[in-house]
């Protein structure tokens, strides 16, 4: 790999160091995500027994953190080194990756809008699979509990979905104390209680459904999400536009710097 030094520097220092600053944020964020993910894995013993990675049938949130960290670290590193060393290969890699991610986000948004029923079915299937693995991973458990508490919901379509989990299943064969119950995150909080009652959902589904309304959330999380989106469409659109503008800005900086470097190389060739 060759690096070029130019006697008559025409490469804009403004674009060069602005792109470097832009990417150093990505790189540092990637390092932080990787560190957090590896620490979480070490706490769960995954680093000493890698078979635990495939042992969970649902989503392991740590894997998502690690994937995001690897992508951000790689792109940030390529952008930083490419800008400082004026390396066209690294800059083109960075630019191409950002363009690909931007187009992928756009395609997902359009397809999700056009095929809403298919997306709803996939989300339902995804949520049910994670309900099955609720007790298998502490991070997944905390994620589902947070989702249910924040959105005042229970299960994918309703509390009955907790039959998918062997611990909460109402089957007569189950010997779990949580049999025919729901997680504590499904319970309607009591303002008078300062300590969370983790057993509040025990045996609740053995009672008649008319009694559920006073003790647990009966609305499914998919229904809650569908109700939340129209009410917060401007926030969602604003976040999407902000992320898109940041990506477009990075593409603009990289393309401008590449053009400057190519112009200098062409000028030096004569």
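Each Cβ is built from the backbone N, Cα and C atoms, and glycine gets one as well.
The model shown is predicted, which means the values in this text are computed figures rather than measured ones.
Taking a C-beta cut-off of under 8 Å and a sequence gap of six or more, residue 153 (disulfide bond) has these contacts in its own chain: 147, 186, 217, 219, 220, 221, 223, 224. Annotation source TrEMBL lists disulfide bond at 153-186 (among others).
The disulfide bond annotation in TrEMBL covers 154-170 (among others). Cβ neighbour count for residue 154 (disulfide bond): 28 (other Cβ atoms within 10 Å of its Cβ, all protein chains included).
If you look up TrEMBL, you'll see 20-42 (among others) marked as transmembrane segment.
Annotation source TrEMBL lists transmembrane segment at 62-84 (among others).
Here TrEMBL flags 91-115 (among others) as transmembrane segment.
Sequence annotations record features per position, and here TrEMBL assigns transmembrane segment to 233-254 (among others).
Neighbour counts of Cβ atoms within 10 Å were taken for the disulfide-bonded residues 170, 186; the minimum is at 170. The transmembrane segment (62-84) shares the most Cβ pairs under 8 Å with 20-42, out of the stretches 20-42, 91-115, 233-254.
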